[in-house]
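Enquirer: Starting off with a structure, shown below.
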There are 2 protein chains.
Amino acid sequence: MSITAAQGFAAAGIAAGIKSTAKADLALVVNQGPRFDAAAVFTSNRVVAAPVIWSRRAVADGVLHAVVLNSGGANACTGAPGLEDAAATAKAVAQSVDCEPDDVAVCSTGLIGVRLPMAAVLSGIAAAADQLSADGGDAAAHAIMTTDTVPKQALAEGEGYTIGGMAKGAGMLAPALATMLVVITTDAEISAPDLQTCLQKATALTFDRIDSDGCMSTNDTVLALASGASGTIPDLDDFTTNLARVCWSLARQLIGDAEGASHDIAVEVTGAASEQDALEVAREIARSNLFKCAIFGNDPNWGRVLSAIGVTSAAFEADELDVTMNGVQVCRAGGVGDPRELVDLTGRECQVLVDLHAGEHKATIWTNDLTYGYVKENAEYSS
Amino acid sequence: MSITAAQGFAAAGIAAGIKSTAKADLALVVNQGPRFDAAAVFTSNRVVAAPVIWSRRAVADGVLHAVVLNSGGANACTGAPGLEDAAATAKAVAQSVDCEPDDVAVCSTGLIGVRLPMAAVLSGIAAAADQLSADGGDAAAHAIMTTDTVPKQALAEGEGYTIGGMAKGAGMLAPALATMLVVITTDAEISAPDLQTCLQKATALTFDRIDSDGCMSTNDTVLALASGASGTIPDLDDFTTNLARVCWSLARQLIGDAEGASHDIAVEVTGAASEQDALEVAREIARSNLFKCAIFGNDPNWGRVLSAIGVTSAAFEADELDVTMNGVQVCRAGGVGDPRELVDLTGRECQVLVDLHAGEHKATIWTNDLTYGYVKENAEYSS
């Protein structure tokens with residue numbers, strides 16, 4: 001169950017000394033072919049890190065042989081020197097695994113505005129290349145962790161092919177990608193353009209539907225590599241379904257490990273005039289700090305849900321809104337419903353269901369509560 | 001320095017038993033004339049409380065004789081019965097002070113989704129009417145407090161007239177009005193339409209430029225009452241300036257008393273291609289939970305400022321952005337600037353200055369940091 005589950009991939013994860021602790025901080029994933037099709041989705045933030053600039057160019061031709069990822073530094077807002085560092089990183093990987101530098105994607109995560117310790121990065125690449133193996137997926141998944149408490153991996157078996165993935169990310173989880181690095185591998189035989197289409201469909205319904213804290217990172221990257229080693233040409237709809245399964249498993253793991261969170265909250269909006277409306281309402285609720293604090297306090301404060309709905313442009317009438325929390329309809333027709341005391345919010349997972357009574361569309365956004373732990377991690381992270 | 005500073009106004013503030021504590025919870029403000037011009041600005045939330053529905057109608061003709069305000073319950077999401085409660089409240093005030101019910105504005109603040117204890121409200125109105133006095137402004141300012149730790153009052157002296165005001169609000173402070181109730185009184189002789197124009201200009205530059213936690217209330221109300229008792233017809237530009245001075249003083253007091261906050265943050269954006277761009281960027285930064293946590297931790301984390309800027313649609317180039325925190329330019333041309341160790345964020349007030357280098361426009365939004373205290377107050381508020 002990892003990025004080395006599919007045939008044709010080797011990986012490694014090592015401690016290169018990029019982090020000040022002795023923890024693993026550099027991962028290498030290599031596609032051994034016979035095909036090297038690749039696809040990618042990046043952050044839509046207009047301020048992007050050097051590795052994103054590099055990797056966008058590298059994947060533009062639909063070919064990648066390797067991905068190198070480091071934790072311990074985001075290489076963001078580091079200007080021209082930062083871009084040179086990303087290029088030097090790719091070059092070192094290319095020499096180690098015998099490919100061209102522009103067939104190497106580079107991903108970095110950690111503090112913004114600090115140069116990477118390049119000596120450590122370059123010696124780490126050589127060490128990782130020596131340890132590449134078809135069993136290295138788990139070590140790689142550990143090496144990309146920052147404030148993650150557990151590694152995130154996922155697997156789906158198609159008819160004659162395998163899709164595996166790994167992810168890191170525990171904060172800055174926002175739409176148009178969570179703050180995260182994701183690598184997905186498959187031994188299916190699929191062209192780069194088809195892989196790109198499938199990846200975009202899958203991420204739109206998975207990573208784009210989680211919103212932990214409303215903050216969008218400068219480094220978000222999802223890469224998909226296809227080796228063709230299974231010899232199986234997949235049905236594209238089936239492939240998209242399986243790919244989305246891997247993406248959703250990873251996305252759910254990200255929400256489940258979000259910084260300091262004590263609840264994973266599914267905000268479901270039904271009865272919307274359009275999917276767009278449903279998403280707007282769900283996102284607005286998911287971003288309400290007052291609502292998120294209430295859930296932390298195990299308080300079914302549906303008034304804060306209505307306050308959030310009220311600032312959207314979605315079609316609804318205030319006196320038709322229903323809100324159900326963990327099965328109890330606490331707000332009916334915009335007013336008081338069943339007793340709030342009936343709602344049990346003590347579990348980790350909870351559900352807020354809003355019916356707009358304005359149509360047939362629906363959507364769900366997953367988010368987290370706002371806790372002391374979130375404040376603590378993000379007040380102390382870089383100090 | 002209160003709503004009774006201007007000639008022609010009496011007020012009272014009492015404990016009516018609406019709150020479960022014995023604290024003051026009902027305020028009455030009465031305009032004794034000779035004129036009764038009035039203006040108002042309300043929340044733009046589409047889910048509005050019953051008192052907002054009532055007061056919008058009451059002030060529509062530009063005439064108000066009295067305002068009654070209660071803490072201890074927002075009378076929001078209470079349906080038709082809630083609207084009947086607001087009407088009954090206005091009727092009781094009208095009988096007590098000898099005017100028509102539709103010349104009485106009603107304001108409520110507190111928990112959403114709970115009916116007001118009307119027996120307490122009605123007996124409280126009678127008691128408050130008995131205590132009306134030209135010295136009652138301070139008592140009224142105390143009676144409208146919820147999680148406020150101090151009453152908020154302000155005063156401006158024009159040429160031959162006075163403007164006084166009071167406000168409450170300590171959370172849900174967001175654009176298009178903070179979560180707050182504000183009453184402003186003046187003895188200037190000014191028509192209702194002119195007063196409305198001046199009030200809108202003043203609030204757009206004051207209450208609309210504070211954003212404590214990005215949450216917009218269902219009850220926000222700013223009311224202005226003019227008695228004409230000074231006999232002075234003011235210059236309208238001067239009047240607007242003085243009115244904005246009162247509004248800004250109250251707005252700054254709201255930010256200074258925001259729930260659990262430990263920093264008041266001025267987010268100033270300069271070099272913008274338009275004022276709209278400057279406001280969009282300032283608001284996005286002011287709403288970044290990661291940024292707000294960093295300030296709580298006294299951490300000049302300018303990377304989180306850049307991340308926030310990057311999700312806006314404002315005109316800028318990423319490699320031209322400058323960020324200065326409390327006088328230290330920590331980010332220059334999108335990269336590392338002066339040493340972050342030079343930034344002292346230990347004071348209550350701090351400044352984040354962003355230069356977009358894209359034009360000549362600027363704007364400032366005031367916000368707060370995100371603290372343990374904020375989470376605590378909002379996790380426990382209604383439980």
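Don't overthink the numbers, they just go from 1 along the chain as shown.
The backbone N, Cα and C atoms fix where each Cβ goes, glycine too.
TrEMBL entries are annotated by machine, without manual review.
Reproduced below are the annotations present in TrEMBL:
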type	residues	note
ACT_SITE	A:Thr179	active site, nucleophile
BINDING	A:Thr146, A:Lys168, A:Thr179, A:Glu259, A:Asn378, A:Ser383	substrate binding site
Enquirer: Please identify which of A:Thr146, A:Asn378 has the densest Cβ environment, defined as other Cβ atoms within 10 Å, among these binding-site residues.
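Expert: Comparing the binding-site residues A:Thr146, A:Asn378, the most crowded Cβ belongs to A:Asn378.
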Enquirer: For the binding-site residues A:Thr146, A:Lys168, A:Glu259, A:Asn378, return the ones with C-beta distance to chain B below 8 angstroms, or 'none'.
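Expert: Sorted by position along the sequence, the hits are A:Asn378.
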Enquirer: According to DSSP, collapsed to three classes, what secondary structure does A:Asn378 (substrate binding site) have?
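Expert: Helix, per DSSP.
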Enquirer: At a 10 Å cut-off from the C-beta of A:Lys168 (substrate binding site), count the other C-beta atoms across all protein chains.
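Expert: A:Lys168 (substrate binding site): 27 neighbouring Cβ atoms within 10 Å.
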Enquirer: Any idea what DSSP makes of A:Lys168 (substrate binding site), helix, strand or coil?
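Expert: Once the DSSP labels are grouped into three classes, A:Lys168 (substrate binding site) ends up as strand.
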Enquirer: Counting across all protein chains shown, how many other Cβ atoms sit within 10 Å of the Cβ of A:Glu259 (substrate binding site)?
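Expert: Looking across every protein chain shown, the total is 26.
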